[in-house]
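K.L.:
Below are the features I grabbed from TrEMBL:
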- B:297, B:357, B:360: [4Fe-4S] cluster binding site (BINDING)
């Protein structure tokens, strides 16, 4: 169960806004987190508390493929991002590194900055405690749930590689 | 099946694939740069492997912060260099290189029919060659470097058909800006864009690379062109592998089809702060500019410099403007030099740089101060993209960029006094 306060943004929050390219000469998560959202919200870094939730309207994370964007958000302590829709590469990157994303235009519309939310990732339920309303996010496709369950793409790939080499060993033995 | 489905089915070892289906697909090229590769390499080592799946299929290009602008960016480039030497993967050193999405096809590393993934959003550029090419993040690249395959969701395809005849000073950049202006920055979200029509048949490879490059600015997963004779000849002249040409079936399914008649089209300009905020140049109003940048993976190819040189020839850059010209590769630089264009640029008062992505993403070599305005041939004009969050970036093709450098304000080449 995740719980935190809402930081609310509009449409097309791009990856340059999430982490400006001028800071991409490093890849340390905590160094990146120091500049998260800087160009559209100078106060974000000061305001963000562990567990907080970013809520945005549509096309969140558009632009660059830089994984530094979800990394910066995650290292800021943000526990999840809720949006009406996500840009494709950002969505993939966030799943790969284990930053939970939830798609729910209704939850976005109802949420105001400072609202307290509670999220149950297993059921995809978003509970707006301040407003007393409950929403359901779209479920992850089964394929993607496998990556999430494994704890990210690297863990998932590691398991796959283990199975492949176990399979290869078996074949050799059989032969 | 349409073009995207055909290429993906072939790489997934399937007879057919349909939109929404999850597949595991074999990759032909895996790409990363000096921003994204350090994370990819870090994640790759976590897999506990000693070697990448196939060094010939991996390409590392330090192009964003090179020549290195500071110690930290030098450290990032060093990670690529050392990994590339140890693993024997393709690596293009400063001085022999260029911007990744200019050199990969120039050096014949991408062929028609390929499946290309790259840790850079503009990887979609290679769609111009009839390859399915898409941007991903560092972790995806790390996994693909290990296994040689990648999971993917088959996208729906939106078809774009361009009819009529392109007017003077209107090119690939104008076509794609116009299209993004019509459908919006999420108009093709999660979809593939397939470009065709009589205008595309006549369009140069450079024009097609520019269009495919900006498919991501509409949220697309890929921007695809059928590999016609022109594309096949381009690839065969450079690559060692045989091109594989996929053709959409006559009954291919599309999520939507958009047709545009471009005969009366003016050069297009995207106003701050979104690539979809597009107007014909005559409706932009009076915008005085401080800087012009001609280059990037969008418009840093030979034809782009040719267009700019023809306009800047025997003219001077306005005294209020800094005009920075960046050939996209050493080859483009050499070709422009031999054609006399570099001399034209320097005589006009332009700064000409070695290849780099520098200014496009506000990295180095042309950063904007508070309140400054830049007209660039690059691909994004988000807030703070080229420097100060209080600066403004306008996007256009090389013809408008060169003319505006002379005028000191945004104009069409047709508006310049001759």
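Including glycine, each Cβ sits where the backbone N, Cα and C put it.
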K.L.:
Give the sequence-ordered set of same-chain residues, not counting B:297, B:357, B:360, with Cβ within 8 Å of the centre of the Cβ atoms defining the [4Fe-4S] cluster site.
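P.N.:
In sequence order, the nearby non-listed residues are B:63, B:64, B:99, B:101, B:122, B:295, B:296, B:298, B:300, B:356, B:358, B:361, B:378, B:379.
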K.L.:
Looking only at B:297, B:357, B:360, which of these binding-site residues has the biggest number of Cβ atoms within 10 Å around its Cβ?
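P.N.:
Ranked by Cβ atoms within 10 Å, first place goes to B:357.
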K.L.:
Would you identify the secondary structure of residue B:357 ([4Fe-4S] cluster binding site) according to DSSP, in three states?
P.N.:
coil
